[in-house]
Amino acid sequence: MAWWESCGYRSRCLPPVDSEEEEEEEEEEDDGSVCSSDSDGGAIRYVLGDVTHPHAAMGDAIIVHCVDDSGRWGRGGLFTALETRSDQPRDQYELAGKMKDLEVGSVLLLSIDDKQSRLDGRDQLALIVAQRRDEHNTLSGILLTALDDGLKKIHAAAKRHKASVHLPRIGHATPGFNWYGTERLIRKHLASRGVDTFIYYHNRAAKNSAPPSPTATTSLAPPPQTSSSSDGPTDDEAPGPSAPPPTSSSEAPPPTSSSEAPPPTSSSEAPPPTLLPSFMGGVCRRGTYDGDEDDVMSAEVTHVVAEVESSVQSQDLQALLARFPQAVPVQSAWLESCFSRQRMVSPAPFLLP
């Protein structure tokens, strides 16, 4: 565009993916995977940690975040974490907004090693424009068609840079969000096509602790149901990370078997909530395999995920379990298995002694 040239502006958006080229790549990937059915290829890996510091990366990495098309940088959550990591995301996103370069479905690819960096690789940030904000400041949900387009472009960039891809749980903690559709797209465009893909399960307590160790956890409670309304999200979209809670939900949450986890004790018998010691990670609430962590142990906790590395930690864990006997102590591999199978699995093979 002449206007961009006169302003000295250079777009950071990734180019569209050619459909013929994409089909050829998919055929090559299918041919190459015929003899690799027993490998871990195609699996999304779920990790505890901060997605803005991809510790699971070996070599270059691309971090993914979803934004809207307004050009106004958000506050809190991943927006603030990214600003701490680099000045580029906010500066380049707001500039793209002023230059009308935030079409829904586009992806800005930015270097973020200006403030902090790794010795073993280079980190880049991919901002997917996956939400719309109208003139009334009303924010749409995550548009799955836009996410689909964005992930195709990220796949091409990851292949070109030989990079792994690291994502938060897009739309996490927003009632009614379509995590299943989102995860399906991530697997379709990234993990199943040979890109090392990591989804980060945020550990709030890790901010105040040294090396990671035991984590208390349960599964996440399903979002509350409300009556349907024509103003609610469509099948093709779900509320995004910065979206306000919707007024309706057209889909019921996945059912949770009562046999999957021990029931919490009654409120009259339950001990008061307890702030976890720093060597423990956090807790999350009861429901599906998709968990939400906190730093308070309570009667709602059904499992304690732990990697006990010393006798002192073992004693602290046993003391905690004595107060909250409904919680089952398991290894961290249990949490990874729940995520990878998209359901709560039996803790029996993962029990701590």
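Keep in mind that glycine also has a Cβ here, set from the backbone N, Cα and C atoms.
All annotation found in TrEMBL is predicted automatically rather than curated by experts.
Taken verbatim from TrEMBL:
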- 18-32: compositional bias 'Acidic residues' (COMPBIAS)
- 215-230: compositional bias 'Low complexity' (COMPBIAS)
- 241-275: compositional bias 'Pro residues' (COMPBIAS)
- 31-209: domain 'Macro' (DOMAIN)
- 294-352: domain 'BRCT' (DOMAIN)
- 14-39: region 'Disordered' (REGION)
- 206-288: region 'Disordered' (REGION)
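Secondary structure of the domain 'BRCT' (294-352), assigned with DSSP and counted as helix (H, G, I), strand (E, B) and coil, comes to 26 helix, 10 strand, 23 coil. If you take every residue in the domain 'BRCT' (294-352) and average the pLDDT, you get 78.
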